[in-house]
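Student: Just passing along the structure, written as structure tokens.
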Amino acid sequence: MISLSLLLMIGVESVRDGYIVDFKNCVYRCVPPCDGLCKKNGGKGGSCSFLIGSGLACWCNALPDNVPIKDPLHKCPKR
């Protein structure tokens, strides 16, 4: 019970994998290299992957919750 209390007081940030996006829900292309972009944003790493409807985009592993990832319910406005 004490460990649960400590865990709640300290707080735990969860992580998730996904296509990293900007504030408009638009994916980042594979230049600059995805691994560096993902690490700069707190992820463990990343790679270039194909996303239907967007083309080549950066897929990140273990991004913190505060970094946005692609929401399939919202489209990226045309640039």
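Cβ from N, Cα, C; glycine included.
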Student: Choose one of CYS34, CYS38: the cysteine that Swiss-Prot connects to CYS58 by a disulfide bond.
Tutor: CYS34
Student: Taking Swiss-Prot as the reference, CYS60 is linked by a disulphide to which residue in CYS38, CYS48, CYS76?
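Tutor: So the cysteine that Swiss-Prot bonds to CYS60 would be CYS38.
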Student: According to Swiss-Prot, CYS30 takes part in a disulfide bond; indicate which of CYS48, CYS76 is its partner.
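Tutor: Looking through CYS48, CYS76, the record in Swiss-Prot gives CYS48 as the partner of CYS30.
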Student: What does the structure give for the C-alpha distance between CYS30 (disulfide bond) and CYS76 (disulfide bond)? Integer Å is fine.
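Tutor: Rounded to the nearest whole number, the Cα-Cα distance is 17 Å.
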Student: Would you kindly give the Cα-Cα distance separating CYS58 (disulfide bond) and CYS26 (disulfide bond), rounded to the nearest Å?
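Tutor: Checking the Cα atoms of CYS26 (disulfide bond) and CYS58 (disulfide bond) gives a distance of 11 Å.
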Student: Restricting attention to the domain 'LCN-type CS-alpha/beta' (18-77), give the mean pLDDT.
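Tutor: Here the predicted model's pLDDT, averaged over the domain 'LCN-type CS-alpha/beta' (18-77), is 96.
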Student: Where CYS34 (disulfide bond) and CYS60 (disulfide bond) are concerned, what is their Cα separation in Å, rounded?
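Tutor: Rounded to the nearest whole number, the Cα-Cα distance is 7 Å.
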